[in-house]
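According to Swiss-Prot, the protein carries these features:
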BINDING   GLY51, GLY52, TYR53, ASP70, PHE97, ASP118, GLN125  S-adenosyl-L-methionine binding site
REGION    1-23  region 'Disordered'
REGION    276-334  region 'Disordered'
Amino acid sequence: MSRRRPAPESSPRHDGADAPPEPHVPVLLAEVVEALGTEGGTAVDGTFGAGGYTRALLAADPALQVVAIDRDPTAIAGGQALVAESGGRLRLLPGRFGDLDGLLAEAGIAQVDRVVLDIGVSSMQLDAPERGFSFRSDGPLDMRMACDGPSAADLVNEADETVLADIIYHFGEERRSRAVARTILEARRRGRIETTAQLAELVAGVVRTEPGSHIHPATRTFQGLRIAVNDELGELVRALHAAERVLRPGGRLAVVTFHSLEDRIVKQFFAARSGRSAQGSRHLPGGPVETVRSFRPVTKGPVLPGEAETARNPRARSAKLRAAERTESDVPEPLAALTALASLPDAARGHRR
């Protein structure tokens, strides 16, 4: 698998907020198929979307059965044509990929041979103004992948200033999060903030564009709110542990991420589960903890898109693929440190402006 030096990371997944509308193009497609292998059995596409990875897996291995999961009802409806084309080799399950082991159990499937996860928001969601993910086109401030639960508008109009600042700082990595939160509170005293254009304009008034940058000043704020609304990092942590439980020995897990928060979680999960990170300390009661190696690496570090792919699809430029193979070890306890990475810290202080 080819690797290259990473381009500077500039935005959330697929970077669709400030790029012209494009059809959804699966990223690192050949590399994902190669990492997963093609030897029959059952594969799970935990983030079906437009079906790019599912379609490629079905084409690469005529003996493969695929179970695809998505919490977005639009994606499930759009995938019915592919189900019909698959000749009984594809099943679509509505639900969250963090619950993939439970969804598979309900479908009568105990173990699988491959799992692929493509993390974050899809191009289809970004490019639909009515979904409220993007500031490129005005629309309702929604951002919900599953179309239920509190929306971004609910969060923006009801959360207190500290919570908003912490979300924007930790999930959006926006250094001006306090100023953004303060501006939001001042604006909502005059009336509810209901649209993406309203919010983008408010943020642009306090976040300066760096010289030479093409990144919209609201990019990081929108990322932070979207991650919070959909609990994206928590879903990722649950999905990694769920995949660990359902993969047979020799089964493979491939994960594509699009920003540093996601990649950090995947990297630490694979490092811990393959024995490449400390599991204990001689300074703690009981001393070092014996490592249970439930995975062995398939990729050596992240696999990155090449220049040809990023030229065809600029939204791929921040993508990273990591993959590992399940060993015969029993499933260890979930990693509490990953849950902490996916959550707002109890005290987030000192660095926001």
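Cβ coordinates come from backbone N, Cα and C, glycine included.
Given the structure is predicted, the values throughout are model-derived calculations rather than measurements.
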Relative to the Cβ of GLY51 (S-adenosyl-L-methionine binding site), which residues of the same chain, six or more apart in sequence, are found under 8 Å away? ASP45, ALA68, GLY78, GLY79, LEU82
Over all shown protein chains, what is the count of other CB atoms within 10 A of the CB belonging to TYR53 (S-adenosyl-L-methionine binding site)? 28
